[in-house]
Amino acid sequence: MGLQLALLLAGIVALSDSARGPPRIADKVIHRQSVRLGRTIKLLCPVEGDPPPLTMWMKDGRTIHSGWTRFRILQQGLKIKEVESEDAGTYICKATNGFGSTNVNYTLIVIDDTSSGKNSQTPEGSNGEYEDHSGKQWAQPRFTQPAKMRRRVIARPVGSSIRLKCVASGNPRPDITWLKDNKPLMPHEIGENKKKKWTLNLKNLKPEDSGKYTCRVFNKVGEINATYKVEVIQRTRSKPILTGTHPVNTTVDYGGTTSFQCKVRSDVKPVIQWLKRVEYGTESKYNSTIDVGGQKFVVLPTGEVWSRPDGSYLNKLMITRAKEEDAGMYICLGANTMGYSFRSAFLTVLPDPKPPSAPVPPSSVSSLPWPVIIGIPAGAVFIFGTILLWLCQTKKKPCSPPAAAPVHRPQPRDRICVSQVPDKDCISSINYEEYVAQQQHLLSQGPALAPAMASKMYPKIYTDIHTHTHSHVEGKVHQHQHIQYQC
């Protein structure tokens, strides 16, 4: 039972860990879609992820935004109303989060019932060719460079130029006419060179040149057409503007993951850069810094800038495995040729719930090994005992007698002559002045009491007292008392 519970917990942990990662496709996708002209179609983007991904749609490499009036980006996918022939092409849903991105691809085919009705009277082969009663081969028109026609929505600034191509072939050789907003263009607007009639050149664009340009290619067998949408925009006259409330102050757990967002509105695609303020005293950690508003900042790596349907641009800064040094002020900087704007936010990183173990203080000995606990006091006692023993042995050595020979002077019979006087260093228990006074008192007691009193008064100094009595030639008797001192 315990083993099964452990395996169950391990599986739950593994599932929770695996949930965080790049976006993934959550449902089956039918990549080839078809729709009839004038109808409505919805292309789904069934992706999921943790954290939830951001999605954007592209058609033939061009980002779909709010200017595409018949296109609407929903939470579930892309909705196209009143489908036109030029809506055919390749669509991509790109989903991205902080761990990566994934794409969902579609190929949209637009079915034109009216064209098929016109051609229904003509016996066609599978490739648009047929043979008449005389045996001649005929072929309806077809575009020979479809790869150069994928980009159907084109934006250009005022004063620039653009070329719209509709190169086609057929048998008999087809003709081509150009229309703007369903009105034929004049010959001088197209050009008289037949070799260039398949390409429409628009030079020195003006705002009034915006519109839908259609090429109609036809022969006796059939007809094809293609439409381009041209947007002529005024050159930018203002610096970028940061919209919304982002970036906002954020708090993250130690080791966790968080992000800052930055939404910038600009007439042209701006440069979005993230900066982090360099805290005082940490300048040496960075190779280069920049000054913004009188403060030093370091430039951070920046990911892809996304174009949003509302015409704004979005960028995200991901912070993974947050540490204490990640805390501080962050700046989102949006710039174009006219200037820049920025906005700041602060990141707070909560303390590590499991900080590294601190060094054990000297007062705490519970975590020290037992050999150390026993060895240190034992070593100290051994050293102290050795020093104490050495001092005791040193103090037991006898003091050297004075170098000069004792001088014998005649003394009265009742006086005591002290032949040896201890050194000051040998008298450790009394001071020298007390010793002299006691010595005089000792001698005044007479020879009979002196030895006994001396041994009582100085038990550690007087170790041997003896008396010598001898007579000289002159008949005088001298008595000497010898006292042996020992420290």
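Just so it is clear, glycine is given a Cβ too, placed from its N, Cα and C backbone atoms.
For Cys215, the cysteine that Swiss-Prot lists as its disulphide partner among Cys166, Cys332 is Cys166. Among the disulfide-bonded residues listed here, namely Cys45, Cys93, Cys166, Cys215, Cys93 has its C-alpha nearest to that of Cys262 (disulfide bond). Remark: Cys166 (disulfide bond) has Phe143, Met149, Ile176, Trp198, Thr199, Leu200, Cys215, Val217, Ala226 as non-local neighbours, by Cβ distance under 8 Å and separation of at least 6 in sequence. You'll find the Cα of Cys93 (disulfide bond) roughly 27 Å from the Cα of Cys332 (disulfide bond). Sequence-distant contacts of Cys332 (disulfide bond), defined by Cβ-Cβ distance under 8 angstroms and a gap of at least six in the same chain, are Leu242, His246, Pro247, Phe260, Cys262, Val264, Ile272, Gln273, Trp274, Asn315, Leu317, Phe342, Arg343, Ser344, Ala345.
Under DSSP, Cys262 (disulfide bond) is assigned to a strand (E or B) in the three-state scheme.
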